[in-house]
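Engineer: Grabbed the feature section from TrEMBL, which reads as follows:
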type	residues	note
DOMAIN	6-165	domain 'Cytochrome b561 bacterial/Ni-hydrogenase'
TRANSMEM	12-32	transmembrane segment
TRANSMEM	44-64	transmembrane segment
TRANSMEM	90-110	transmembrane segment
TRANSMEM	140-157	transmembrane segment
Amino acid sequence: MILMKYSLPLRAIHWLMALMMVGLITVGWYMAGLDRSPFKFELYGWHKSFGFLALLLLVARLLIRRRSPIPSSKGILAGWEIGLSHATHWSLYLLMLLVPLSGYIMSSIGRELTVFGLTLPNLVPQSDALQQTAHSLHGPMAYLMLALMLLHLAGALKHRLFDDRPQADVLPRML
Ligand code: HEM
Ligand code: HEM
């Protein structure tokens with residue numbers, strides 16, 4: 001059997017972004033629960049900067065993906081497994097877009113958004129309702145992404161450790 005892997009750039013960006021997502025959710029959750037202090041707002045600054053970087057990385061990732069061969073699971077996994085894994089992957093992609101985008105919107109309406117010392121343009125109209133909507137969605141969408149990440153991890157581990165079809169172990173494609 002030919003083992004077809006994801007291309008090196010896609011593998012590298014998968015693990016870099018996986019690390020960033022875990023870090024951003026952890027820091028986001030921690031900083032939001034702190035009392036007001038200079039430290040809290042320093043963390044907000046880092047969270048916004050790395051969150052924006054994640055948005056740029058996602059765009060780069062999708063552009064690279066369009067030009068890369070993607071390993072097929074046909075004949076390796078059952079139809080329902082392929083359906084579930086694709087639904088999970090594309091939901092993760094969607095949330096990797098919507099979470100930082102809602103962060104950008106809520107943090108740039110009515111104030112200046114700076115990331116790594118650079119001031120970013122405000123791309124959306126001045127609107128309290130839009131800001132509140134973005135704010136009320138940002139956290140819940142991030143925690144939904146965490147839940148999907150756990151499902152994704154469970155899928156990878158199931159195929160590696162508890163599957164009697166050796167070819168169903170898809171982890172080496174991403175390593
Ligand atoms: C993939 C990228 C991102 C992830 C996974 C993420 C995740 C999170 C999480 C889990 C929280 C805590 C929510 C809560 O418990 O209330 C949070 C809060 C926050 N995030 Fe993000 N975030 C990301 C990107 C961004 C970006 C790009 C910005 C702004 C430019 C941003 C601005 C904020 C702010 C200001 C808060 C605090 C909200 C509050 O105090 O109520 N985030 N984020
Ligand atoms: C320890 C954690 C992780 C493991 C073991 C893991 C493993 C894998 C594996 C084996 C694949 C390839 C699946 C296949 O060939 O069908 C994959 C793909 C993918 N993973 Fe992960 N992953 C992890 C964390 C994450 C995180 C945190 C995210 C994003 C939030 C993520 C997003 C994705 C996406 C979007 C794909 C689809 C790739 C594509 O076809 O473009 N992964 N992962």
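Including glycine, each Cβ sits where the backbone N, Cα and C put it.
I'm curious about the neighbourhood of these features; can you describe it?
Structural biologist: Listed as Cβ neighbours of the transmembrane segment (90-110) (distance under 8 Å, sequence separation of 6 or more from its ends, same chain) are residues 17, 21, 48, 51-52, 54-55, 58, 62, 120-124, 126-128, 130-131, 134-135, 137-138, 141-142, 144-145, 148-149, 152.
Remote same-chain residues near the transmembrane segment (140-157) are listed as 18, 21-22, 24-25, 28, 84-85, 88-89, 91-92, 95-96, 98-99, 102, 170-171 (criterion: CB distance under 8 Å, separation of at least six residues from the stretch ends).
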Engineer: Take the transmembrane segment (12-32) and find every residue of the same chain, 6 or more past its ends, with a Cβ under 8 Å from one of its Cβ atoms.
Structural biologist: 6, 40, 43-44, 46-47, 50-51, 53-54, 57-58, 60-61, 64, 96, 139, 142-143, 145-146, 149, 174
